[in-house]
Amino acid sequence: MSSGGLLLLLGLLTLWEILTPVSSKDHPEFCELPADSGPCRGILHAFYYHPVHRTCLEFIYGGCYGNANNFKTIDECKRTCAA
């Protein structure tokens, strides 16, 4: 293969790596769940991982049920899902 062809291949592979989203295998599956306040009426500040933005965001948790994508601190959320 010519050096031009190798450069093109290298460029395409680099572009693929940049544009390909992080695989959900990099964190637990529950990190892909949407924020869920649950049916209770409490007003608790909690954090959830937002897979599209690939960051942890705050939401209001009602205090019961919901799902596993629910953390008391942003640090706990980041350690679990955004690492």
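Yeah, the Cβs are placed from backbone N, Cα and C, and that goes for glycine too.
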Checklist entry - Can you tell which of Cys40, Cys64, Cys77 is bonded to Cys56 by a disulfide, based on Swiss-Prot? => result Cys77
Checklist entry - Swiss-Prot pairs Cys81 with one of Cys31, Cys40 in a disulfide bond, so which one is it? => result Cys31
Checklist entry - Taking the Cβ of Cys81 (disulfide bond) as reference, which residues of that chain separated by at least 6 in sequence fall under 8 Å from it? => result His27, Pro28, Cys31, Tyr49, Cys56, Asn69
Checklist entry - Roughly how many Å separate the Cα of Cys77 (disulfide bond) from that of Cys40 (disulfide bond), to the nearest whole number? => result 22
Checklist entry - Going by DSSP, how much of the domain 'BPTI/Kunitz inhibitor' (31-81) is helix, how much is strand and how much is coil, in residues? => result 10 helix, 15 strand, 26 coil
Checklist entry - What are the non-local neighbours of Cys64 (disulfide bond), defined as same-chain residues 6+ apart in sequence with CB under 8 A from its CB? => result Gly38, Pro39, Cys40, Gly42
